[in-house]
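Only one structure is covered here, and it is reproduced in the block below.
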């Protein structure tokens, strides 16, 4: 390299502005590393299922999937950093391989790519002058971050929320991701006078999150995220909240959470207490059953949807997960 390139620096600007495919691949590596197939993630599955009603044309539906699918996958990268997770899908999380800085940049890049794709939906709007897709997107992404922010605050200040506070948090955090997809579909649907599907969407969001909290304590989840990872992360999952509130005079769980335990014996002790003393796993399962019935009743009132029924079958739990083997001494 010589100083000659600076003789007329203005000639260099077009070259500087160029962006190559190899560079694109480099900055997306933390995102692509986990091999998340967005079509198999629940938000994308729900989009396809709700399209049974909305009948959004395939080219438009593909664009919505390109907004929501990658955005959801990118949030998982950030979640793993905020939770200091070790595993996702049974392999080391992206930030343990590429570092926190590269992973944050990659996730943010995907966020803005998704946001950019919203502009491609505008030509398909029935009333572009009165429909603001960006506001729809922003409202729910703000809700998502509000929910996530509260959950992190509770964790970092060792503040155990009530069940009602937890439900409002999940309504924002998990529900926001689901609602943004359905709002986009509603705005772009050619069907007139559709029922209000958002109560069903909101129930699904809460059902899915409480189910995930319960499964986090089960053997089936261990290979994907590690054994009782919520305890290591200090997270107030639904079973934990119930157990702590069931006997506020017993500080065992709060003491264990403050340790952020990595060792199995300490986690077993917490799990045994939740299962045997406060029956919190059975309580959580009962709540899941009640929410599932509410969701199915709402689905029936809306006239039914075979694709959504298939998703309910997929996420159905027939009993409280068998965790006995995990805390046997």
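Any Cβ shown, glycine's included, is placed from N, Cα and C.
Per Swiss-Prot, Mg(2+) 2 binding site is recorded for 79, 83, and the stated evidence type is similarity to another entry. In sequence order, 85, 148 constitute the residues six or more apart from residue 79 (Mg(2+) 2 binding site) in its chain with CB-CB distances below 8 Å. DSSP gives residue 79 (Mg(2+) 2 binding site) a helix state.
The Mg(2+) 1 binding site feature in Swiss-Prot is assigned to 79, 83. Cβ neighbours of residue 83 (Mg(2+) 2 binding site) (same chain, under 8 Å, six or more residues apart in sequence): 229, 233, 235.
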